[in-house]
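Feature annotations, courtesy of TrEMBL:
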TRANSMEM  25-49  transmembrane segment
DOMAIN    41-290  domain 'G-protein coupled receptors family 1 profile'
TRANSMEM  61-86  transmembrane segment
TRANSMEM  92-118  transmembrane segment
TRANSMEM  205-226  transmembrane segment
TRANSMEM  238-261  transmembrane segment
TRANSMEM  273-292  transmembrane segment
Amino acid sequence: MAPNNLTQITEFILMGISELPELQIPLFCVFLVIYGLIVVENLGIITLTSTDARLQTPMYFFLRHLAIINLGNSTVIAPNMLVNFLATRKTISYYGCAAQLGGFAFFIVGEIFMLSVMAYDRYVAICNPLLYMVVVSRRICLLLVSLTYLQSLTTALTVSSCVFSVSYCSSNVINHFYCDDVPLLALSCSDTHIPETAVFTFSGINLLFSMTVVLISYFHIVLAILRIRSSEGRQKAFSTCASHMMAVTVFYGTLLFMYLQPRTNHSLDTDKMASVFYTLVIPMLNPVIYSLRNKDVKDALKRFLNHPCQSLRPM
């Protein structure tokens, strides 16, 4: 971070989703409910997949880490966002803003790669079931998760360092509900070519690599489903696959819209609406799409509700 930044800007003001006073309380209530659901759903998935003896498989191992990432991503954003709905001055400190940007980048990149890991896991399970436990061994699972977090950390440190290496010496009003790179760079009074290039490059590489894995995996999964002779089996498989693909499409679509367009084409008000999806709505929907529609998870939840002490046994 440039030392002269600290003498010029010590805090930022977040405009939030809406500036209308009459909407602050209703929006607070809506997003409080959404965040509450995120916490309950994802903590539930983390607990069940960590301790239920029947959910100790690679699929649920990855699902647990997706829940951790979803919970972390929303927690980086939501608490400060909720406070600002009720606050008179919607401020965040310079270092708090940097930490929020870094945390957001870490978890959003983690989700990008965890979804690709989960797609690959399903591809192996459906297309090569006999080799599944060999190809997706515990060692491979740990390696894939470790690489996901390593890439997340690398991206977060690089992007946040680049964004906060420029000077902020005029306006400190961020037209967003959290500290994101695009609205922050729009405030800079110095040359932003290098940080913009870094953000675009990292975003492009992460998204395109992850999307390639997801698209190839689901393409082969669909082909495998089409080879199922039973129409009932095909319909059931397509139902599950379609919900997964819809969640992935919405997630990647909003990210592509946000980060792979030139700065001159950005509408910050439109970006805010897109950001709501991948910071709050999708973390709320993922447990439903990937878990609560799954028979094993529903059975584990029933066992926990009926006999919590007997059903939860650490492995």
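A Cβ is built for glycine as well, from the same backbone N, Cα and C atoms used for every other residue.
Because TrEMBL annotations are produced automatically, they should be read as predictions rather than curated entries.
Computed from a predicted structure; not experimentally measured.
Under 8 Å from some Cβ of the transmembrane segment (61-86) lie the Cβ atoms of residues 14, 16, 24-25, 27-28, 31-32, 34-35, 38-39, 41-43, 45-46, 49-50, 92, 100, 103-104, 106-108, 110-111, 114-115, 117-118, 121, 141, 144-145, 148, 177-178, 279-280, 282-284, 286-287, 290-291, all in the same chain and six or more residues away from its ends. A Cβ distance under 8 Å defines the sequence-distant neighbours of the transmembrane segment (25-49), meaning residues of its chain 6+ beyond its ends; these are 17-18, 55, 60-61, 63-64, 67-68, 70-71, 74-75, 78-79, 81-82, 85-86, 280-281, 283-284, 286-288, 291-292, 297, 300-301, 304, 312.
Long-range contacts of the transmembrane segment (92-118) within the same chain, counting only residues at least 6 positions beyond its ends with a Cβ under 8 Å from a Cβ of the stretch, are 1, 5-6, 9-12, 14, 59, 62-63, 65-66, 69-70, 72-73, 76-77, 80, 144-145, 147-149, 151-153, 155-157, 159-160, 163-164, 174, 178-181, 184, 206-207, 209-211, 213-214, 217, 248, 251-252, 255, 278-279, 290. This prediction places the mean pLDDT of the domain 'G-protein coupled receptors family 1 profile' (41-290) at 87.
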